[in-house]
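Marked as GTP binding site by TrEMBL: A:24, A:25, A:26, A:27, A:28, A:29, A:30, A:31, A:72, A:130, A:131, A:132, A:133. The Mg(2+) binding site annotation in TrEMBL covers A:31, A:50.
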């Protein structure tokens with residue numbers, strides 16, 4: 001890093017870049033969440049199931065995010081692990097109205113956390129209990145119980161209830177993530 | 001599907017009356033709605049919710065107690081003008097708080113129900129109904145009994161206005177101009193009416209004994225669509241609204257009760273209402289509305305309680321965030337709320353301390369008078385149909401410290417499960433001339449604002465029951481309430497009686513006016529309007545809630561006729577009426593006509609109850625012994641089927657037995673009274689034979705009892 005880079009870094013002119021992996025089962029709302037976080041003029045109008053993965057970039061107040069929006073369909077899930085190495089944070093999205101596949105989500109989460117590239121790293125994990133606007137949605141506390149999040153001891157984690165269509169709850173989650181990313185790498 | 005709603009408290013205003021909170025129509029398509037609420041201090045508050053905080057739009061100055069609120073506006077425009085009535089005055093406000101109407105209705109009494117529809121204004125005082133159009137008098141009607149609520153069928157698909165009055169004597173009166181078109185009998189005294197749809201001829205009603213129904217008002221008659229009974233003995237209905245909170249496209253029914261229960265009824269595929277959600281608020285719910293207040297696009301049920309709390313039951317989930325760690329983390333809003341409350345409390349403590357010191361000093365002065373703080377009490381003393389006992393509910397705006405009950409008639413106080421107060425009975429000396437039959441003190445647990453008691457009276461014993469209520473206020477003061485226990489306290493008004501039964505008659509002739517005899521009947525019987533009815537003569541029908549016997553009272557000036565199939569009822573009536581007449585020094589000519597069949601008829605009516613109670617008592621006696629045997633042997637297979645049956649049902653039997661304490665004694669008492677009264681009318685005194693009657697009752701058999709009644 002050159003002197004100029006450091007200077008801009010201190011002054012906060014150049015934002016630090018972070019790579020974030022956005023994971024979760026299919027139809028949990030990953031692409032919609034990422035879409036909501038982008039600036040309004042670049043937001044997509046229609047969202048279709050992701051094939052493979054998309055790379056999206058957006059900036060928050062102090063960080064510049066590069067998000068790997070992975071497809072959640074079962075045949076693409078083995079793609080996830082290829083991106084574990086370079087990620088600084090994970091966003092895990094859960095459809096809180098989908099009680100039936102909560103166990104699948106838990107299984108995927110467990111394999112993720114036990115992966116060799118993730119296990120040793122102390123990276124923040126942000127959970128979005130998405131689709132809370134639905135009538136039969138579970139609360140974020142209930143979701144965290146079903147996924148046994150209290151067993152995660154070695155990583156900072158946080159769960160936020162969210163409604164990705166309206167954008168509710170996303171900012172709170174992102175704020176938490178930002179706080180942790182800033183303290184981690186410096 | 002079950003409905004989950006989360007409770008959010010918004011603000012607190014003063015004590016509120018029934019139906020004094022409304023939601024203003026939303027401005028945008030999905031924007032949150034503003035709330036308008038009026039209280040007993042006469043303050044009309046309008047507020048909106050921004051980020052969980054109540055932001056006031058306007059607040060009027062204090063004035064007379066506001067009894068009702070309605071929204072109105074010119075036809076076809078959003079109904080956003082706020083109308084409130086206080087005393088005999090109706091005031092109108094725009095949604096910005098500008099007063100545009102002050103209308104003095106010139107009634108002697110204060111208005112207690114109001115409906116606004118375009119330029120038409122309908123107001124009701126206790127018995128009077130008035131219709132004004134553009135503040136000009138149009139129609140007038142004098143109802144036979146107290147008017148509890150009014151609504152008006154919408155005008156657009158009808159050629160004329162159809163006002164409907166909810167009257168205390170269990171009827172809905174449908175008016176046409178100043179005339180009564182017809183009336184609809186409902187199962188209890190209706191307390192609230194609400195249009196089912198904005199446009200249509202269907203009206204929802206709620207009764208003080210907790211029943212709900214839907215009636216379709218036709219041109220000449222009405223049809224009841226459905227009724228929901230009150231099996232679980234929940235409180236009376238104070239407010240109803242319809243709103244689609246479940247989100248299935250059909251309007252659901254929101255109900256608020258006086259015991260704090262909030263209910264949501266949805267409609268299944270067969271259009272029958274079913275309970276979908278229930279929540280208890282611990283204070284009586286005075287207004288209920290469906291809408292969107294706290295956060296846009298989340299529907300909620302907004303309620304106002306007696307003490308003025310505006311509470312929302314919202315579909316919005318509450319706890320949004322969580323993280324690792326065992327401690328429960330408070331959200332930022334909760335934290336700031338706690339801090340704000342703490343700061344306010346500290347300030348207030350200092351202020352109160354100063355005030356108290358000042359008060360202590362000035363109270364030493366010999367000329368100063370210590371004023372008593374006034375607090376309002378919301379009380380209800382009603383007869384429950386199914387267990388023939390009175391329920392007394394008292395509600396105070398602040399927590400109750402203690403409650404003293406004093407009675408000069410023999411009454412029983414029964415346990416109420418919901419009641420958490422500690423009761424202590426003091427010893428009474430009923431021998432003295434002004435003796436008490438009951439002295440009981442209820443010490444309430446912290447934060448009890450509402451207390452419910454059950455009182456069981458005996459027919460024929462009349463007097464007053466007094467309640468001394470002390471709330472947790474400084475300085476501690478007490479208010480007294482008096483309740484009359486009438487001679488025929490277990491009688492309830494009905495619409496008709498069975499004329500086939502053998503009847504005993506009592507006729508009175510004398511120099512009394514219509515008003516005088518009416519006041520005597522009011523003294524004797526519950527649920528009779530205090531105002532003397534219009535017309536030459538009047539007929540009331542009653543039925544005894546305990547035995548099912550009936551009474552017909554017809555009277556006019558100088559003449560009164562009472563018919564009943566129970567001799568005891570007639571005997572009590574004749575005693576009380578002659579006593580009352582003697583007080584006024586009026587000579588009464590009393591004549592009786594006793595039907596001998598009536599005694600056996602009454603005994604036959606008592607028979608199933610008595611038999612059931614005796615059987616129950618016998619079964620309950622055996623339960624303990626049978627249980628011991630079961631424990632010893634390990635199972636109950638060796639027992640005969642009858643005993644095994646008792647064991648299986650033991651829990652139910654015990655509960656039943658607990659519910660009806662002294663039921664058997666009550667029945668014995670009634671039979672003894674009947675026996676004495678029967679012979680009293682024949683001029684015999686049979687008090688000496690009571691002991692042999694009790695002997696017969698102990699080995700009860702209907703035939704031997706009938707024989708004893710006949711021969712003795």
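All residue numbers here begin at 1 and follow the chain in the order shown.
Keep in mind that glycine also has a Cβ here, set from the backbone N, Cα and C atoms.
When secondary structure is read from DSSP and collapsed to three states, residue A:30 (GTP binding site) falls in the helix class. Residue with the densest Cβ environment among the binding-site residues A:28, A:50: A:28, by other Cβ atoms within 10 Å. Cα to Cα, residue A:133 (GTP binding site) and residue A:31 (Mg(2+) binding site) are separated by 17 Å. Distance noted between the C-alpha atoms of residue A:24 (GTP binding site) and residue A:31 (Mg(2+) binding site) is 10 Å. All chains included, 19 other C-beta atoms sit within 10 angstroms of the C-beta of residue A:133 (GTP binding site). When the alpha carbons of residue A:28 (GTP binding site) and residue A:50 (Mg(2+) binding site) are compared, the span between them is 12 angstrom.
With respect to their backbone Cα atoms, residue A:30 (GTP binding site) and residue A:50 (Mg(2+) binding site) stand 9 Å from each other. Considering only the binding-site residues A:26, A:72, A:131, the residues lying within 10 A of residue A:50 (Mg(2+) binding site) on a C-alpha to C-alpha basis are A:26, A:72.
Listed binding-site residues: A:30, A:131; maximum Cβ neighbour count within 10 Å falls on A:30.
Rounded to a whole number, the C-alpha distance linking residue A:131 (GTP binding site) with residue A:31 (Mg(2+) binding site) is 13 angstrom.
In the three-state DSSP assignment, the secondary structure recorded for residue A:24 (GTP binding site) is strand. For the pair formed by residue A:72 (GTP binding site) and residue A:31 (Mg(2+) binding site), distance between Cα atoms is given as 10 Å, rounded to the nearest Å. Within the same chain, residues at least six positions away from residue A:26 (GTP binding site) with a Cβ under 8 Å of its Cβ are A:49, A:71, A:72, A:73, A:74. According to DSSP, residue A:133 (GTP binding site) sits in a coil region rather than a helix or strand. Largest Cα-Cα distance over the residues recorded as binding GTP, namely A:24, A:25, A:26, A:27, A:28, A:29, A:30, A:31, A:72, A:130, A:131, A:132, A:133, equals 21 Å. The number of other Cβ atoms within 10 Å of the Cβ belonging to residue A:24 (GTP binding site), over all protein chains shown, comes to 24.
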